[in-house]
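S.K.: Reproduced below are the annotations present in TrEMBL:
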TRANSMEM  6-22  transmembrane segment
TRANSMEM  55-75  transmembrane segment
TRANSMEM  87-109  transmembrane segment
TRANSMEM  115-137  transmembrane segment
TRANSMEM  149-172  transmembrane segment
TRANSMEM  178-201  transmembrane segment
TRANSMEM  213-234  transmembrane segment
TRANSMEM  246-266  transmembrane segment
TRANSMEM  278-298  transmembrane segment
TRANSMEM  304-327  transmembrane segment
């Protein structure tokens with residue numbers, strides 16, 4: 001066994017141990033194991049059975065977005081009415097600060113062409129599903145995180161093409177309309193399909209928990225999805241792309257209904273099982289994408305990987321810092337100004353610590369899968385997909401470390417508070 005084999009074996013053992021004993025960093029450990037394996041053995045992840053693994057990137061991203069959609073409901077979008085300030089603040093910072101940061105990094109490091117476009121594209125994307133996980137681990141406001149991700153994703157068809165046209169147009173040809181369609185096909189359609197599946201999977205209505213009706217629903221979606229794929233097989237590329245996305249989404253809904261039918265027939269709790277399985281499926285998809293991109297851009301990664309890594313660290317640090325301290329500043333300013341105007345009874349911050357942590361994760365962790373999909377599907381460049389890969393790997397590492405730090409600090413604060421509350425009264429003389 002060479003040095004590469006030892007490295008890969010060590011990473012896999014680390015991931016297995018993390019899965020068993022440190023679940024909060026298990027996902028990050030598997031990401032490192034996967035990327036490390038692809039880096040040591042890139043030839044193993046090029047072509048399988050005559051099929052380039054690069055062809056799997058877009059379907060895998062759609063699968064991840066579908067999984068994200070199954071965690072959403074209409075209420076997540078309506079929550080902005082109850083908590084407008086943190087949502088609007090987070091999205092403004094995300095689509096304002098991060099693209100500019102990416103552009104400044106491109107200028108500072110001298111990146112050009114497809115690499116420059118990939119860096120800017122990473123900053124121009126919406127929040128990713130990983131931010132929801134990190135908010136949960138880091139004792140953030142998970143409901144707020146889900147709402148911010150949902151809203152930033154829903155406006156991505158407008159924001160991402162516009163940002164790319166402004167900042168990346170000098171480095172690569174950007175077809176604004178094609179990118180808009182790409183966001184809809186790769187991100188929006190699967191997310192909406194996931195929300196439909198959410199209704200089917202987790203509904204408490206009796207008729208949606210009867211195997212006979214579920215089987216009919218399953219057949220209807222599977223048949224419609226297959227028909228759409230066959231009907232538009234030879235149409236124009238953009239129409240065919242939308243048809244493929246719609247077909248894939250319908251088939252996923254039908255597949256989920258089929259799984260629930262089987263589980264209910266077997267006497268298993270379909271909702272509980274699927275609630276556990278879908279996040280694992282999404283995490284597997286993320287790892288697979290990172291592995292494929294690492295292997296297929298190995299030569300470029302060897303040349304500029306160090307510079308890209310430094311840029312990724314800076315980009316992520318800016319996002320997390322601006323998100324957290326920006327939320328702190330706005331919360332304090334809003335509280336004091338509102339108190340001075342007589343709107344609030346107290347000058348205390350209008351954003352809690354958990355809200356600030358959530359904004360930090362949402363701003364600092366972009367949807368690397370979305371950036372990868374647009375790079376491959378719209379920009380037609382695996383090189384442009386390399387920055388989202390490097391940035392995404394680092395975002396998961398730093399996010400896990402920060403989330404675990406905040407989790408432990410919260411537990412220590414609670415322990416200290418409880419100790420003070422139960423401390424005995426001093427004896428009087």
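Cβ atoms are placed via backbone N, Cα and C, with glycine included.
Could you place the listed features in the three-dimensional structure?
M.R.: Listed as Cβ neighbours of the transmembrane segment (6-22) (distance under 8 Å, sequence separation of 6 or more from its ends, same chain) are residues 28-30, 32-33, 36-37, 40-41.
Here the transmembrane segment (55-75) has long-range neighbours at 129, 132, 146, 149-150, 153, 186-187, 189-199, 201, 245, 248-249, 252, 256, 274, 278-279, 281-282, 285-286, 288-289, 292-293, 369-370, 372-373, 376-377, 385, meaning same-chain residues at least 6 beyond its ends whose C-beta is under 8 angstroms from one of its own.
Sequence-distant contacts of the transmembrane segment (87-109) (same chain, at least 6 residues past either end, Cβ-Cβ under 8 Å): 79-80, 116, 119-120, 122-124, 126-127, 144, 147-148, 151-152, 155, 159, 163, 167, 171, 307, 310-311, 314-315, 318-319, 322-323, 326-327, 330, 358-359, 362-363, 366.
Sequence-remote contacts of a segment are chain residues at least 6 beyond its ends whose Cβ falls under 8 Å from one of its Cβ atoms, and for the transmembrane segment (149-172) they are 68, 72, 76-77, 80, 87, 90-91, 94-95, 99-100, 102-103, 106, 112-114, 116-117, 120-121, 123-129, 131-132, 179-180, 183-184, 187-188, 191, 362, 367, 370, 374, 379, 381, 384.
If one looks beyond the transmembrane segment (246-266) by at least 6 residues along the same chain, the residues whose Cβ comes under 8 Å of a Cβ in the stretch are 59, 62-63, 66, 70, 189-190, 192-194, 196-197, 200-201, 209, 211, 214-215, 217-226, 228-229, 232, 273-274.
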S.K.: Among 115-137, 178-201, 213-234, 304-327, which stretch has the most Cβ pairs under 8 Å to the transmembrane segment (278-298)?
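M.R.: Per the Cβ under 8 Å count, 115-137.
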S.K.: Counting only pairs at least 6 apart in sequence, do the transmembrane segment (304-327) and the transmembrane segment (115-137) share 3+ Cβ pairs under 8 Å?
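M.R.: They are in contact.
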